[in-house]
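Going by TrEMBL, these are the annotated features:
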- A:48-123: domain 'Phosphoribosyl-AMP cyclohydrolase' (DOMAIN)
- A:Asp95, A:Asp97, A:Asp99: Mg(2+) binding site (BINDING)
- A:Cys96, A:Cys114, A:Cys121: Zn(2+) binding site (BINDING)
Number of protein chains: 2
Amino acid sequence: MSAPASQPFASRGTKADIENGLSFQPKFDGDGLIPAIVTDASTGEVLMFAFMNAHALKLSIDTGIAHFWSRSRAALWKKGEESGNFLNIVEMRTDCDQDVIWVRVDVAGDGRACHTGERSCFYRVIKSSSDADEAAALTVAADACRHD
Amino acid sequence: MSAPASQPFASRGTKADIENGLSFQPKFDGDGLIPAIVTDASTGEVLMFAFMNAHALKLSIDTGIAHFWSRSRAALWKKGEESGNFLNIVEMRTDCDQDVIWVRVDVAGDGRACHTGERSCFYRVIKSSSDADEAAALTVAADACRHD
């Protein structure tokens, strides 16, 4: 009998297995989710951050298109399904503890990964405490998209 | 009276405030934590992923050195305190929802951000399902450090 679709990955092994091994043993949190960092494969820019459940992770690996779990909608989320801006996966990595996924992508469609219309969700910079003007704690990043 | 050290940031406003405003209104989860993505400011490589509580976030902004909250030790964690590999912050950003932090850093010391001795925690690639050799689900990334 095959493993249920929600748990298609290997069980967690020892610390050494997890850190040094070549068996993929992703760790999902108490809600069954693993954090996923999405970067632009060409520029390295962080585009967005979301969570995957086991099903979304498996679909991402199998299809080469990033899938997530939408916590607000409590549903599988194929990013780009409405906008056409699918995230085509160039490479996926995991970290030492195998509890985070890094997804390097090419953004399809008009290349905007953020629902606001920005290319990246990270279009604002947090000012340092030494910045003279304390009236605002954020600035718009120089590389943010322009909405003409 | 000043705000307590654990809550030095502005309260959450409307969706429009959060997405378009220049007031920093970070959202902490039920455990008082916010995810933090750390990338190399020069190469764009994702180095590590961790969580900050409000205190760690404030210290990161005020000192220019990345601080986190260690969930395993349940303690403030100034990354590099043991290794000397402090993370000197070049820029911090937040995302559209203001519930994630992106920290661009220069790694001090010998430049290795991962406790395993790798430069980045993400030293292994997840194989795609189309890879012929299914014996292992991960490969060591070509850019992983060599331990001579």
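Including glycine, each Cβ sits where the backbone N, Cα and C put it.
Worth saying up front: this structure is predicted, and the values here are computed from it rather than measured.
The structure, with features from TrEMBL marked on it.
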{"residue": "A:Asp95", "record": "Mg(2+) binding site", "Cβ neighbours (10 Å)": "24"}
{"residue": "A:Cys96", "record": "Zn(2+) binding site", "Cβ neighbours (10 Å)": "21"}
{"residue": "A:Asp97", "record": "Mg(2+) binding site", "Cβ neighbours (10 Å)": "19"}
{"residue": "A:Asp99", "record": "Mg(2+) binding site", "Cβ neighbours (10 Å)": "17"}
{"residue": "A:Cys114", "record": "Zn(2+) binding site", "Cβ neighbours (10 Å)": "20"}
{"residue": "A:Cys121", "record": "Zn(2+) binding site", "Cβ neighbours (10 Å)": "24"}
(message) I need the CA-to-CA distance for A:Asp95 (Mg(2+) binding site) versus A:Cys121 (Zn(2+) binding site), whole Å please.
(response) 22
(message) DSSP-wise, what's the residue breakdown of the domain 'Phosphoribosyl-AMP cyclohydrolase' (A:48-123) into helix, strand and coil?
(response) 10 helix, 30 strand, 36 coil
(message) Tell me the Cα distance separating A:Cys121 (Zn(2+) binding site) from A:Asp97 (Mg(2+) binding site), rounded to the nearest angstrom.
(response) 26
(message) Please compute the mean pLDDT of the model over the domain 'Phosphoribosyl-AMP cyclohydrolase' (A:48-123).
(response) 96
(request) Provide, as an integer number of angstrom, the distance between the C-alpha atoms of A:Cys114 (Zn(2+) binding site) and A:Asp99 (Mg(2+) binding site). (result) 24
(request) Measuring Cα to Cα, tell me the gap between A:Asp99 (Mg(2+) binding site) and A:Cys121 (Zn(2+) binding site) in whole angstrom. (result) 22
